[in-house]
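Encoded as structure tokens, the structure appears first; notes follow it.
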Amino acid sequence: MHVAIIGGASTIGTTVAYTLSGLAPRLDVSLVDINDGAAWAHGTDIEHASYHFAHAPGADEGHDSETAGSVRSATPEEIAELDPDLLIFNAAAPQPDDATDPSAREAELERNRSIVEDVAESLRPLDPTPLLVVTNPIDRLVYDFYSLLGWPRRYFLGYSLSETARIADGIADLVDAHRTDVYCPTMGEHGEHMIPVFSRARVDGEPIDVTDAERAELMAYVRDIPFEIAEERGVDETSRWVTSAGVSRVVRTMAAAADDSSVDGTGVEADGGDWTFCLSTPLDGEYGLEDVALGVPVDLDADGVAAIHEWDLDDAEAAELERAAESVQADL
Ligand SMILES: NC(=O)C1=CN([C@@H]2O[C@H](COP(=O)(O)OP(=O)(O)OC[C@H]3O[C@@H](n4cnc5c(N)ncnc54)[C@H](O)[C@@H]3O)[C@@H](O)[C@H]2O)C=CC1
Ligand SMILES: O=C([O-])CC(=O)C(=O)O
């Protein structure tokens, strides 16, 4: 499988490439960036890193010379020749130094929209290819790409899984559990209108009771923590670690579906049905919504979204989802 990361010299793009080279060494990765020197330098450095991944005790056999993939660089003009199986869109305009509050994602819209238009032009010669948007604001940009390229909507995905990891941490503190035993999916917008689906939250597989006050506290934690991190590290250092782990999880899920001949078009549910994850994708009637992209529970296959689940939401969650749709639609 060949993954092309557009904006491949970015903080997130390089961290995704490094993470994949350790955890999914069979993949071929291309770092596609207008800054071709930086893309080449990161690609070369990561290829050197793969030498140590291959020789450490317990190294996966995917690192051996028969199966190992590569990390290369390319310019945006070369995308069509790369013939990728999966595109990750991570290109962005530089952030202002004060972009450290929750309005920062939406403030990126106009700056990044013109990059989306340029990149969509360079993708036009490709056959429909799954495209995972990481650049903010993801829901609006997923829908922009979908409108500009006109490929079937299953090819368009937006990454918002970091929130699931953050809320697991918040709930783990609340109930004195380990974060890896906690599951609470988040739907809606990647931003102010993010919706933790408490009605499906589980700790050790069991439902949990969360009071209104605790919900509000958890929401505030998930909303603010990436910006507290950016404030301490600088806006060039967004939440690269959780984001690259989550993006790699999506890529590895799609690669597993591509490799698994038992996947018959119904897709794979991430880590089994109890841990289904939510990604942003254009809606066409699901949850009573259309002409908008929002985070919803999906099954994935090698071509993107194989199925969208329509969960029974409680009244508050359903009302929040409508508010999220209105917020995104106002900008489309
Ligand atoms: N969805 C999520 O959970 C997260 C999203 N983000 C978003 O990811 C985006 C990228 O963030 P960083 O990695 O910090 O960016 P960065 O500022 O480190 O890098 C952006 C890269 O895009 C490249 N670029 C600009 N125009 C291009 C074009 N037309 N074609 C190819 N490359 C181009 C630049 O040369 C640069 O290498 C931002 O919008 C940020 O808000 C960041 C963290 C988490
Ligand atoms: O806005 C940012 O830079 C980071 C972001 O989306 C996240 O970490 O969830």
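Using N, Cα and C of the backbone, Cβ positions are placed for all residues, glycine too.
In TrEMBL, annotation is done automatically, which means it is predicted and not curated.
Taken from TrEMBL, the feature domain 'Lactate/malate dehydrogenase N-terminal' covers 2-147. Mean pLDDT of the predicted structure over the domain 'Lactate/malate dehydrogenase N-terminal' (2-147): 95.
Taken from TrEMBL, the feature NAD(+) binding site covers GLY7, GLY8, ALA9, SER10, THR11, ILE12, GLY13, ASP33, ASN112, VAL134, THR135, ASN136. When secondary structure is read from DSSP and collapsed to three states, THR135 (NAD(+) binding site) falls in the coil class.
Feature annotation from TrEMBL assigns region 'Disordered' to 56-75. Below 8 angstroms of C-beta separation, residues 4, 8-9, 17, 21, 24-34, 36, 39-40, 42-43, 46-47, 50, 82 of the same chain, each at least six residues beyond the ends of the region 'Disordered' (56-75), sit close to that stretch.
Look at TrEMBL and you will find 164-329 tagged as domain 'Lactate/malate dehydrogenase C-terminal'.
Marked as active site, proton acceptor by TrEMBL: HIS190. With a 10 A radius on its CB, HIS190 (active site, proton acceptor) counts 29 other CB atoms from all the protein chains.
Reported as a whole number, the C-alpha separation between GLY13 (NAD(+) binding site) and HIS190 (active site, proton acceptor) equals 19 Å. Listed in sequence order, GLY7, PHE89, ASN90, ALA91, ALA92, GLU108, ASN112, ILE115, VAL116, LEU141 are the same-chain residues at least 6 apart in sequence whose CB falls under 8 Å from the CB of THR135 (NAD(+) binding site). Per the record's binding annotation for NAD(+), residues GLY7, GLY8, ALA9, SER10, THR11, ILE12, GLY13, ASP33, ASN112, VAL134, THR135, ASN136 show a top Cα-Cα distance of 17 Å. Counting every protein chain shown, 24 other Cβ atoms lie within 10 Å of the Cβ of ALA9 (NAD(+) binding site).
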